């Protein structure tokens with residue numbers, strides 16, 4: 001197995017759904033299934049914060065979500081937990097700046113997908129040099145889902161990464177909705193990552209379909 005190509009990674013980032021059990025008011029397994037039917041291209045398991053599952057329940061829930069992703073042939077990424085990603089044989093892992101360092105993550109994950117959240121050009125260059133396959137850049141807009149977010153960057157912050165010669169695939173993160181998706185793609189992102197735009201939507205399926213349309217119309 002070799003590392004994922006840049007073009008394939010870019011394609012997979014189009015509509016990147018992130019979810020944990022505490023991000024939904026409906027059955028999360030049904031929400032994920034609807035999102036997959038609607039056309040999400042990659043999924044990240046992020047079981048964190050108030051009311052999140054722990055220990056064995058967390059692992060069992062992750063396995064259920066992973067099995068659904070497999071049915072649809074969509075990559076299953078684990079947030080922040082390299083050991084869990086390895087235990088599940090997940091397709092990859094996504095780490096932040098305060099998590100395990102990219103060098104040791106890449107070493108442990110082999111050729112699997114490794115994504116890194118970055119907020120500065122320096123962080124981006126370090127991540128690229130040490131084996132990141134894609135960057136999560138943000139928060140682009142204010143968000144209520146994450147309590148520990150950095151300063152909002154806006155689409156200008158995202159465009160700055162491209163202006164500084166960062167060519168690796170980028171997914172925009174933070175406060176992204178159907179209404180502002182086009183501006184994120186136009187600023188230079190390959191895709192958008194969302195939590196509540198799908199997880200709290202009246203119809204996860206319809207919301208995902210609209211996100212897919214917005215991205216494809218803007219690329």
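Yeah, the Cβs are placed from backbone N, Cα and C, and that goes for glycine too.
Database features (Swiss-Prot):
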type	residues	note
BINDING	44, 45, 46, 47, 48, 79, 117, 146	4-amino-2-methyl-5-(diphosphooxymethyl)pyrimidine binding site
BINDING	80, 99	Mg(2+) binding site
Sequence-ordered list of residues in the chain of residue 99 (Mg(2+) binding site) that lie 6 or more positions away and have a Cβ within less than 8 Å of its Cβ, or none, is 80, 105
Counting Cβ atoms within 10 Å of each Cβ, the densest environment among the binding-site residues 44, 79 belongs to 44
Quick note, residue 46 (4-amino-2-methyl-5-(diphosphooxymethyl)pyrimidine binding site): same-chain residues at least 6 apart with CB under 8 Å of its CB -> 18, 19, 20, 23, 79, 80, 195
Binding-site residues considered: 47, 80; fewest surrounding Cβ atoms within 10 Å belongs to 80
Same-chain residues at least 6 positions away from residue 48 (4-amino-2-methyl-5-(diphosphooxymethyl)pyrimidine binding site) with a Cβ under 8 Å from its Cβ, in sequence order, are 20, 79, 80
